[in-house]
Ligand code: NAD
């Protein structure tokens, strides 16, 4: 099944940081794929803006190379690429200087959607927002997109919100969390609120606990400098995992309008209990047989940053009272997998007598590597000899179910950029959501900083430190295997 393409109005999109890593790997290839799908309207302009001294042609070569490197070979169509490159322009600009702004202003058209993607470090958000206004480039209809990290604590996030608010209204600000652009994440809402089947069971009466895992096999690599100041809590939990938790736990919004959805997500964050020190395990991978050590990769032999975190939390509201939520994320783990597992309780009484090792129903929502869902159900083991129960998966890979090899599932960035052009903020974080998430995260980080907590070592290629297994064992539960 080929996905339906909904046309958008023509637009001028300016990518500040248009020569950076993110633009090269995700934004520009994503825009080309949308062009190929017929979604970029005639006359649309995509303008790279950065410090490098490119002209239009030089930047077109840069874009063409990024397509060659990061778009699937099956989608590299010579004619389409040269048509796409006609949309591409470039203006050299220093976000902190004066040059280039009048040239950019000249390129902007009246009565056309204007979007500004700030694919630059957060210290440039303020100066860019300010200059866009001062030069009359941003108007009431403009949209501004900002990348993560959105602050490193509540104070800095509030300061960033305040700086953006000086030049833009909240309805113009798109804070990207690319996890929200994943097909499965949106499917989470479709499955929960488009079926009658799950919602009646979606509460502490029937759900034993929820596990959210984001496991990576890669280490910190070239991002050591940034990661060492951030750690897994700031890099993963405060944003991506918190967003997944919100979508899985929120009340049904009354409509699928952006603010209706975001109001419900905010209520989840505000209902999260503080996390006690015994409910959290921090880890750091340490030289194992294959020689990978966090401290060497991060070039900081004294680093106490966590490359792994596992924690237990609760949502204090009527729906979830008594259902623990376990979050786990880390680098250099056994496998690359992101999933949410909703583990249901056992039936109240077994008419089949005791069943050794029987496990209950589990709904697994897989975000990667293969987006899909899997519901574990109990059936009778085939054959004579009594009623023995086994669990089998009702498995649905989206790529298989939708009859394609996964190529037609748009990348998260493709979808989110098109949402910006459409003016749909549903999948973007609102300022108060980000602040609430930091307000929950700050005391957890402060507590381990106060006690000079050292992360527990774990072997690269493992499931994380032993203590993280204990976190669930103590509660009579266990983590799903990372594989
Ligand atoms: P990068 O260092 O590769 O690129 C930065 C870009 O900003 C370059 O184009 C550079 O020319 C431009 N720039 C820097 N200073 C400038 C100035 N004074 N005036 C004008 N342009 C200037 O960074 P990146 O990896 O592309 O990341 C960009 C943003 O996206 C960062 O905030 C980063 O945290 C975020 N992000 C990146 C990734 C990723 O995979 N690279 C993922 C998520 C978020």
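Including glycine, each Cβ sits where the backbone N, Cα and C put it.
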Given that TrEMBL annotates 178, 182, 235, 331 as binding substrate, state which candidate in 216, 257, 306, 356 belongs to that site as well.
216
Can you find which of 51, 60, 114, 123 TrEMBL lists as binding NADP(+) at the same site as 17, 18, 19, 20, 21, 22, 23, 24, 148?
51
Inter-residue Cα distance where the pair is residue 23 (NADP(+) binding site) and residue 182 (substrate binding site), in Å:
18
Which of the listed binding-site residues (19, 23) has the least company, meaning the fewest other Cβ atoms within 10 Å of its Cβ?
19
Just the binding-site residues from 17, 19, 21, 51, 216, 235 whose C-beta lies under 6 Å from any atom of ligand 1, please, or none if there are none.
17, 19, 21, 51
10 Å Cβ neighbour count around residue 235 (substrate binding site)?
23
Rank the binding-site residues 21, 216 by how many other Cβ atoms lie within 10 Å of each Cβ and give me the one with the fewest.
21
Those binding-site residues, out of 17, 19, 21, 23, 51, that come within 10 angstroms of residue 235 (substrate binding site) at the Cα:
none
By DSSP, what is the split of the region 'Disordered' (451-470) into helix, strand and coil residues?
5 helix, 4 strand, 11 coil
